[in-house]
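Read through the structure below, which is laid out as structure tokens, and then see the notes.
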Amino acid sequence: MTLVDRFLKYVSFDTQSDESTGLTPSTPKQMVFAEYLKTELESLGLEDITLDEHGYLFATLPANIDKKVPTIGFIAHMDTSPDMTGKDVTPRIVKGYDGTDIVLCAEENIILSPAQFPELLDHKGEDLIVTNGKTLLGADDKAGIAEIVSAIVYLKEHPEIKHGKIRIGFNPDEEIGEGAHKFDVGKFGCEWAYTMDGGEVGELEFENFNAAAAKITFKGRNVHPGYAKNKMINSIRVANQFIAMLPSTETPEQTEGYEGFYHLISIQGDVEQSTVSYIIRDHDRAKFEKRKEEIKRLVAQVNTEYGEGTATLELRDQYYNMREKIEPVMHIIDTAFAAMEAVGVKPNVKPIRGGTDGAQLSFKGLPCPNIFAGGLNFHGRYEFVPIQNMEKAMNVIVKIAELVASK
């Protein structure tokens, strides 16, 4: 089975996660895919294959050299985003992309166009795997899984490439921020690992957001609107007032690079009670803490104006910037950087404007930066992946294994 065949098979599994269930895996269909992968890894002759009740699949490619070298790992997630359906994915290969519009769905006039997605033009002449416009593709992160498995197959078929012990891990629920929650780092048994979960070719990431979630509930007082003067407190208006207090320029659509933000993700309510939910993000830990303090200050300000208990805050940290855990072991970044250069890929070290399982794993004792998997426009109908990107990612995995063994 080729890399492409493997990827096309993997995306046929619907593995959408769901944060509302409170289970791990959050959806049983992820376990169906995990069982398939387990069978495939068994057929490939890998060792120490385990699949636990939470959907964490681990396996080993034994070393083919006698000298002691570090055990390293490669990790990818099995779930796809809750943002769009991953059921009945029908991929299509556009061979030798010519730089023009790609019609994904003619009857609904869904078009993947370089006018809206100029990154398409970086892949003229390449072979693109696209959707039919009705689902996401699932390259996030089934491209990563296909690349890891294909790299392991390549190493098995080329014993002249010397490598140490390699562990691979496939986990559920990354898309809902829970992929690392039940990941047994001790059982995985690596000195370090890489998630294959980045986007464009060359991406190498060891900085991510510090992240928190805030839920603010506003209580109102409902009376007949005809007799409401000096009596009614409309919780919707109080919520709107709170929203307006936050800086309008510090939102996702107006920030980039290392700039943090407050992101209003939902608002629900009526006169009696309204709830707003935010995610808070910043790469800088001090600025991150300051953002949380600002939320607390504004909640207190609302209560000063309308009465204690009008606004209540639930605030929780979600994950932290892995940079502080990676900097003491920067040789793992140097190795990935060198591997990319060795296979003709220009490394692009950049901060992640998001989080990865690797960030949480790094704080659990497994340093775990992120490497490109090659897909673009994740989480929607315009997602695509150039086949050549996946091939390069696979080559990087092979080269990392070779470089670690050569030191």
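Residue positions begin at 1 at the first shown residue.
Cβ atoms are placed via backbone N, Cα and C, with glycine included.
Remember, predicted model here, so these are calculated numbers, not experimental data.
These features come from Swiss-Prot:
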- Asp79: active site (ACT_SITE)
- Glu174: active site, proton acceptor (ACT_SITE)
- His77, Asp140, Asp197: Zn(2+) 1 binding site (BINDING)
- Asp140, Glu175, His379: Zn(2+) 2 binding site (BINDING)
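Taking the features listed in Swiss-Prot, we show where each one sits on the structure.
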{"residue": "His77", "record": "Zn(2+) 1 binding site", "DSSP (3 states)": "strand"}
{"residue": "Asp140", "record": "Zn(2+) 1 binding site", "DSSP (3 states)": "helix"}
{"residue": "Glu174", "record": "active site, proton acceptor", "DSSP (3 states)": "helix"}
{"residue": "Asp197", "record": "Zn(2+) 1 binding site", "DSSP (3 states)": "strand"}
{"residue": "His379", "record": "Zn(2+) 2 binding site", "DSSP (3 states)": "coil"}
Between the Cα atoms of Asp197 (Zn(2+) 1 binding site) and Glu174 (active site, proton acceptor), find the distance and write it as a whole number of Å. 10
So for Asp197 (Zn(2+) 1 binding site), how many other CB atoms are inside 10 Å of its CB? 28
Can you name the residues of this chain that are 6 or more positions from Glu175 (Zn(2+) 2 binding site) yet have a C-beta less than 8 Å from its C-beta? Ser17, His77, Asp79, Thr80, Ser81, Pro82, Asp140
Under a criterion of Cβ-Cβ distance under 8 Å and sequence separation of at least 6, what residues of the same chain contact His379 (Zn(2+) 2 binding site)? Ser81, Asp83, Met84, Leu136, Asp140
Same chain only, sequence gap of 6 or more: which residues have a CB within under 8 Å of the CB of Glu174 (active site, proton acceptor)? Ser17, His77, Asp79, Asp141, Asp197, Thr356, Asp357
Around the Zn(2+) 2 site formed by Asp140, Glu175, His379, which additional residues qualify by having Cβ within 8 Å of the site's Cβ center? Thr80, Ser81, Asp83, Leu136, Asp141, Phe378
Starting from the Cβ centroid of His77, Asp140, Asp197, the recorded Zn(2+) 1 site, name every other residue in that chain with its Cβ within 8 Å, sequence order please. Ala76, Asp141, Gly144, Glu174, Glu175, Thr195, Met196, Thr356, Asp357, Ala373
When the recorded positions Asp79, Asp140 are compared by other Cβ atoms within 10 Å, fewest goes to Asp140
What is the Cβ neighbour count of His77 (Zn(2+) 1 binding site) at a 10 Å cut-off, with all protein chains included? 27
